[in-house]
Amino acid sequence: MDAGQPRPEDRHLPVMRDRVVDLLAPAVQAALEAGRTPVAVDGTLGMGGHTEALLTRFPHLRVIGIDRDAHAQAMAAERLGPLADRVIPFHGTYDRVPEAMAAAGVTKVDAALYDLGVSSYQLDDRERGFAYSYDAPLDMRMDDTAERSAATLVAELDEQELRRIIRRDGEERFAGPIARAIVRARAEAPIETTGRLVEVIRSAVPVAAGATGGHPAKRTFQALRIAVNEELDILDAAVPAILDALHVGGRLVVMSYHSLEDRITKRHLSAWATSTAPPGFPVVLEEHEPVVRVLTRGTEKPTEEEISENRRASSAKVRAVEKIRTSRTTA
């Protein structure tokens, strides 16, 4: 890396790092006490901050590091240095955890972390087109080998589908006017940059809304990013996949940054933590008993001190569970 370039560890502050490690630590320790080499899954390796903390604390731990962003994986390897010898990288999305585990030669894991959403590195890399704060190509692909970019969606989707995505994935109340404005604007010239898209969105959102609801493009950019990367569909498949993959005693931590992510996470964790026995049954059979127990009361959030040091941590919410028996065959 050039001398003028910041190191990966200087550019990325892992959110709630110590709390994440503390939540996963008992599962790693239990594996050691059982006489096996503990294995964790970092389903969203990013720049490796959480994995670095886990590997540093547990010298015998191995981590399967999953990420669809090859650039981030390379920077994680640089950051981890000699610790990288205990990381088994997997290029792909984290719903493919069974494939990643098979490639690593393991059938069960002891701990797992999903740190959701877009990373600081991706937001700060202007050429990736994730941010509305500066002009850049309208891309938003977490995996730059994927075919479909945000510019593709903006160019090809009809008004009804654009409105649906912006409303569903961005929770944007002005989804209709924004979708209409996009269709009108692209008829005049292609919308290929973030700056042009911001202008189009501004033209559709009442000025008064921007005074109280933050940047007028925030929710539309979120919606397009989620749609381009199929983030919610992947999360929906990934939570049950990793719960099934955990050893009994294994733990999962999920860190979300907006209500859509947290809603999906909560739905799955609550279902796995709830008995499936019909109400009023005098005896609850084992197959109906909860598979996990919830470790967090609702969600846990960063401290004010951490938020003051890393403003991007402000919206983080953590949920965690421990697997207490083998998975239901229908889970």
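Every residue number used here counts from 1 along the chain in the order it is shown.
Cβ from N, Cα, C; glycine included.
Pulled from Swiss-Prot:
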BINDING   Gly48, Gly49, His50, Asp67, Asp115, Gln122  S-adenosyl-L-methionine binding site
COMPBIAS  298-312  compositional bias 'Basic and acidic residues'
REGION    297-331  region 'Disordered'
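Shown on the structure are the features that Swiss-Prot records.
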residue : record                               : contacts (Cβ under 8 Å, 6+ apart)
His50   : S-adenosyl-L-methionine binding site : Pro14, Arg17, Val20, Val21, Asp42, Leu113, Asp115
Asp67   : S-adenosyl-L-methionine binding site : Thr44, Leu45, Gly46, Gln73, Ala76, Pro89, Phe90, His91
Gln122  : S-adenosyl-L-methionine binding site : Asp69, Ala72, Arg128, Phe130, Met142
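Counted within 10 Å of its Cβ, the other Cβ atoms near Gly49 (S-adenosyl-L-methionine binding site) come to 25, all protein chains included. If you draw a 10 Å sphere around the CB of Asp115 (S-adenosyl-L-methionine binding site), it holds 24 other CB atoms from the protein chains shown. Cβ contacts within 10 Å of Gly48 (S-adenosyl-L-methionine binding site), excluding its own Cβ and spanning all protein chains shown: 30. Gly49 (S-adenosyl-L-methionine binding site) falls within a helical segment according to DSSP. For the compositional bias 'Basic and acidic residues' (298-312), DSSP puts the residue distribution at 8 helix, 1 strand, 6 coil.
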